[in-house]
Amino acid sequence: MGRPTPELPLLALLLLLPQALRGAPCPEPCRCPPDGALSCPGPRRNLSRLSLTYLPIKVIPSQAFRGLDEVVKILIQNTKNLVYIEPGAFTNLPRLKYLSICNTGIRKLPDVTKIFSSEINFILEICDNLHITTIPGNAFQGMNNESITLKLYGNGFEEIQSHAFNGTTLISLELKENAQLEKMHNGAFQGATGPSILDISSTKLQALPSYGLESIQTLIATSSYSLKKLPSREKFTNLLAATLTYPSHCCAFRNLPTKEQNFSFSIFENFSQQCESTARKPNNGTLYSASFAESELSGWDYDDGFCPHKTLRCAPEPDAFNPCEDIMGYDFLRVLIWLINILAIMGNVTVLFVLLTSHYKLTVPRFLMCNLSFADFCMGLYLLLIASVDSQTKGQYYNHAIDWQTGSGCSVAGFFTVFASELSVYTLTVITLERWHTITYAIQLDQKLRLRHAIPIMLGGWLFSTLIAMLPLVGVSNYRKVSICLPMDIETTLSQVYILTILILNVVAFFIICACYIKIYFAVQNPQLIATNKDTKIAKKMAVLIFTDFTCMAPISFFAISAAFKVPLITVTNSKVLLVLFYPVNSCANPFLYAIFTKAFRRDFFLLLSKFGCCKHRAELYRRKDFSAYTSKWKNGFTGSNKSSQPTLKLTTLHCQYTAVPDKT
């Protein structure tokens, strides 16, 4: 026996193609003139099925099926030349149970209001008619007095008007794959009973009508990306199953009261309680009263007519990255995040204003402190955005999650936090290196770091921080994964490399700072060098300050690195505690520890206030101190120029201003 050749199916298809192009034969008793009007006069006994496919007709006129009292199914399919079905074309068809009008060229929803079918569960299928744009009001009234199923999928619908389904008892309404459907009027279901099943998958609907959702038991809305907000969950009083697009929407149906899930059974509360402990075993009439786990009851048969379903099934379920909770999962975090962001913004704005308006020369330490304050100010803006959105969406975040996480707001917040954190770490590292360099080369003035050197160094930091913050906006990880808008997406290898690179760079910066301060500590303890007691205190306090800053970042780095390797040791809910208590604390504390609590800053602050007529006496005291210090320094310099002495390390408080922790005085 020879093997069948693969050319045979292709040959058969080619033989059938001419017949398809010519069109199917016109069925009895119809007349189908090319580009003409269809006519199917009756009566016609024993005619239960009428298939009108691939016909050349252009119009189906009024009364086209008159007299076909026994027809059960009419199929009008794949008839592209058909552009118009006149009102009254389907009149008095009492036995009709199935009407399909698919893949035609009609531009208006056909009139089906005069069918007057008496069949139970009448099915109307209107599909793949790309030129129909509107479902008007009362479009199906009079079609059938019993229950009906509407399969209206794959059309060109753009709008469903008010009272569109008036006068119908809907079992199922399929609106799936109407890719242009954007608007469903709030009163679309007014005057209708049902539907029990609603399918709006793959549409552009932005909202569901708030009226008429009480009867829905099954809601299907997959790939409905424009539907970002659902009506209040109290509208879905009988909902038992939902298959949605976004996991956050399932949060709306969690802990829904049983009465709301099964409103029609609410008057039988006593019977419902009996159902909770009573089940009927398959093939056995004996009733068992006991408490069973849900898995143990999977094979048991409940009497659905008596016992209501207790659990609403919803998919997709919320994942670990988006649990069913508000942005700030705990109330105490709401209080703390407002406190911290206000302190961060106010403190850093104050530092920037005082430094930039000071009449003193802009030195390298001042310049670096300005950069650090700006970075911490950006972190405060991030916290303000998160806190504001949390306040606005409290208790209903599931309805705002998609708009927030996929919108520009979350992208802006994510950019701010990554830019701020990286610029802050970079600036802290540069400040430490500058202190180490100044102390190490204190007597070599030609080695001193000048402002012309610091500017390009910090420009590099700005470019680096901006690049790191921009990458999630162009597809390397993203800010949409979690409600707090951090780049936690590690699905791709590139995203993992991105996260690990940031964390490793931060760890490297930490070790650089530690190494520099160890050297600074030993430098001020060197017996060959003479350092004042004040200078030693400053160096030690700075070491404690920087070490404390990075110790606060250590928990975040540890848990983030473990998560980057897809071995998370902490949930998103608990990570929000780290976000508020550790992540931004430095941005809140830095302006106070580095500037506001220092004598130099207090001097500049009071001198600034004196310009507005405030604290003039205090400002005058600072001016006198500065003049005395300058006179003393000039005299010491003049007398010392004629004396030879061993190399001396002088870390004047004036030179180290804005880089020390507060003095006790």
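Heads up, the Cβ atoms here are built off N, Cα and C, so glycines get one too.
TrEMBL: automatically predicted annotations, no manual curation.
Annotated domain 'G-protein coupled receptors family 1 profile' per TrEMBL: 347-594, in sequence order. Per-residue confidence over the domain 'G-protein coupled receptors family 1 profile' (347-594) averages 81 (mean pLDDT, predicted model).
What TrEMBL records for 1-23 is signal peptide.
Residues annotated as transmembrane segment in TrEMBL: 335-356 (among others).
Taken from TrEMBL, the feature transmembrane segment applies to 368-389 (among others).
If you look up TrEMBL, you'll see 412-433 (among others) marked as transmembrane segment.
Residues or ranges marked as transmembrane segment in TrEMBL: 454-477 (among others).
Look at TrEMBL and you will find 497-522 (among others) tagged as transmembrane segment.
According to TrEMBL, the feature transmembrane segment maps to 543-565 (among others).
Under the heading transmembrane segment, TrEMBL lists 577-597 (among others).
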### Message
Cβ under 8 Å, sequence separation of at least 6 from the ends of the transmembrane segment (412-433): give me the contacting residues as numbers and ranges.
### Response
365, 368-369, 371-372, 374-379, 381-382, 385-386, 454, 457-458, 461-462, 464-466, 468-470, 472-473, 479, 485-487, 502, 505-506, 509, 512-513, 516-517, 542, 546, 549, 553, 583, 586-587, 590, 659
### Contact between the transmembrane segment (454-477) and the transmembrane segment (368-389) (3 or more Cβ pairs under 8 Å, separation 6+)
yes
